[in-house]
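Note sheet for the following structure.
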Amino acid sequence: MLQQVNGHNPGSDGQAREYLREDLQEFLDGEVLLYQLDDLTRVNPVTLETVLRCLQARYMADRFYTNAGCTLVALNPFKPIPQLYSPELMREYHAAPQPQKLKPHVFTVGEQTYRNVKSLIEPVNQSIVVSGESGAGKTWTSRCLMKFYAVVAASPASWETHKIAERIEQRILNSNPVMEAFGNACTLRNNNSSRFGKFIQLQLNRAQQMTGAAVQTYLLEKTRVACQASSERNFHIFYQICKGASEDERLQWHLPEGAAFSWLPNPERSLEEDCFEVTREAMLHLGIDTPTQNNIFKVLAGLLHLGNIQFAASEDEAQPCQPMDDAKCSVRTAALLLGLPEDMLLETVQIRTIRAGRQQQVFRKPCPRTECDTRRDCLAKLIYSRLFDWLVSVINSSICADTDSWTTFIGLLDVYGFESFPDNSLEQLCINYANEKLQQHFVAHYLRAQQEEYAVEGLEWSFVKYQDNQACLDLIEGSPISICSLINEECRLNRPSSAAQLQTRIETALAGSPCLGHNKLSREPSFIVVHYAGPVRYHTAGLVEKNKNPVPPELTSLLQQSQDPLLMGLFPTNPKEKTQEEPSGQSRAPVLTVVSKFKASLEQLLQVLHSTTPHYIRCIKPNSQGQAQTFLQEEVLSQLEACGLVETIHISAAGFPIRISHQNFVERYKLLRRLRPHTSSGPHSPYPAKGLPEWCPHSEEATLEPLIQDILHILPVLTQAAATPGDSAEAMPAPMHCGRTKVFITDSMLELLECGRAQVLEQCTRCIQGSWRRHRHREQERQRRAAMLIQAAIRSWLTRKHIQRLHAAATVIKHAWQKWRIRMAYLAAKELDGVEEKHFSQAPCSLSTSPLQTRFLEGIIRLWPLGLVLANTAMGVGSFQRKLVVWACLQLPRSSPSSYTVQTAQEDQAGVTSIRALPQGSIKFHCRKSPLRYADICPERSPYSITGFNQILLERHRLIHM
């Protein structure tokens, strides 16, 4: 398989090389498209030259991130690009459905780790290893990742929790400038080189929100406090206090303008990191108040004055070396700033205390000049290392969350890159040893472990040759004999160390190692170690002394007597706090050396990395001068070879980088069986086909295999659904491989499976939504009908009530009308003057011709009010009955009925007239208003003699002659 990837055939080497050159030339002819290749696995053939040209094309097009299979390659742009790391871009990568579809970026790795934590797929905890040479941009990459997690992992709902998360986020971000100020320095290769290793643990709760963080440091280069190489600088914090202090602070810290300090080389060089206000503000946010900050800076100023103490050689060995004349002021100032007695400080540096014998007799021996300088430097390194550890503990106490408040974490490992200087000592040996271990971890995780797992699982695999650094690690840390063991053994021997003797022991004991070399032309004792990144020559002079890390007990006792509040906390007088730096005289226990401490902490770090899902970011430095738009192929080529990038691309392009256990695979992708074509359910039915057993968590391996085969049968359906008309069969992703215990798939196949799973979930979602809509529609219809029934019942009840009220009102009106009518009849009868009954008895004989008419006339006479009404109406009775009524009511004489005429009122005549008999007796005036119609209208004067004031009013329509 590798031969096919590289373009080789089993034929002759000449034909293979010719084919490779033709293929390479054809590829290079399309160089204008090289910058469009986001993944180096698409480069064909995969060679150092083609990968190098692709990276160069992308770098010149301002595309600084490129995928290399499972690794992200980051090129240092050496120029500020704010839009490339803006919060808006962070949210874009966080909100993208598939971040891998976007352009390669460090945010892609950050989002992938964050989504892995949310998916809860074992191992849940994630780690990102940022590696590369010094100056390649590891610190900047780690800083961008922390900002990304602070933005995407801090989105609580309530305002109170939002404030808490915002405070935690600010403290985590503020730990960066403090750690960089006290732990970074300017070196030959990098202006902001980390002189310590750190593992930042970002802690997340169950809701994947950032609740805190923890920082663990490794191997601070404390020797830089007292010794700086040429053209290099001390830690940033010393330059910050000298350049950023105010006038009052300069007077308080005894730092006059333009003062020269031996431990402050190249002060005229200004860097972006020399920002004192940023450091002070960050310390304030971490809980370090202003008085404590001033105390810290006062101690650092004391260290600068301590470095100006120079001793003159003593002619008499029995007399201590005295400081030079211009150094006496520095002694006084350093003692004042450190809170130490001046005489005791000078005496401790000048005289060594020796305890010997069973009685622990104390001997005081003056130190030579070189030893005085060594003790002075040791005092400064001891104070600075304790101060640095104290700062780390303060940062952790400020940003670390309680154990119960977080469940998962994302680790960021930022360690010093591979280093090779003209003068390399113990620090460079430990740094390169750590890089070797990390390279081995990468090789074991992505290369060797993958190939071995293929063989165990039964895959047919053409094994790829990769660069294994196990031989180099055996040389450095192997058992029983290695460089570290020999250096530690020299520390345990009670004899003066010799650089030449140590070189001889190493070359003799480890002569059979292929990674050990020596330079016979070198005049200084040294040995050469062939690292994965190249050979490095280490000087043996001072190697044993640095490994011992000797701290004389009298130095610790001196600092315990300090009156400075900060130093009193750093060096407590409690005897229980005795450390390895203060061994007792009778103690035979081996001293814990620097190499032993570093090896133990490194093993602990690797255990954490092995328990997480690792992600790798390879930082590449385009040039050593730090110039933008400058790509030096020689320097980049050495870094590509050193990090094994080509081998990584080979494995990722030709193999199966994703491995999932059978149980997890079935549990996650069993939904794809719903897409299986079936006669009853159809190819896209959201319901499972009958006959396929559901998966049980406790199923045996034999039960899992048919389920996996069912899922594998769905792959053609998914492939055809994902294919476009222009795709060919060769463009289809390779099928997954089912091993003995795991399923091996490619990145493209994983994407295809996830798309199919999303399709099934979408179908199920639509089915659930449809069922819910139908249920909701039925419930709404039932509620609507019930409401209509209730409304109808209410309307019926209201109608009945309304009719009842109308009926009651009609009854009242009827009764009132009846009462009114009776009263009106009574009033009308009362208005009529009494007439003798004889007038009514003398009825005309011509009108009572029959008994029936006689009885009818008597009824009319009794009901005369009704007669008035009938006489006033235009219809209802005949003229005969009307005449009878009028005649009876007016009591006309029988003898001459026709001599009288009655004029009735009609609708077309104005006014009314009424005729009645002449009143007899007195006339009564009634002031009460008459109830009769038109009673208030004055009638016309009648031409007849039968008139009266109180007459019965009738409508005048015409004259009726009786």
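Backbone N, Cα and C define each Cβ position, glycine as well.
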Region 'Actin-binding' range according to TrEMBL, out of 119-141, 257-279, 602-624, 901-923: 602-624
Sorted by sequence, non-Gly132, Glu133, Ser134, Gly135, Ala136, Gly137, Lys138, Thr139 residues with Cβ within 8 Å of centre, ATP: Asn76, Asn190, Ser193, Gly417, Cys619, Lys621
Chain-internal residues near Gly132 (ATP binding site), provided their CB is under 8 angstroms and they sit 6+ positions away: Ala74, Lys138, Gly417, Arg618, Cys619, Ile620, Lys621, Gln639, Cys643
Local Cβ density at Ser134 (ATP binding site) - other Cβ atoms counted within 10 Å: 24
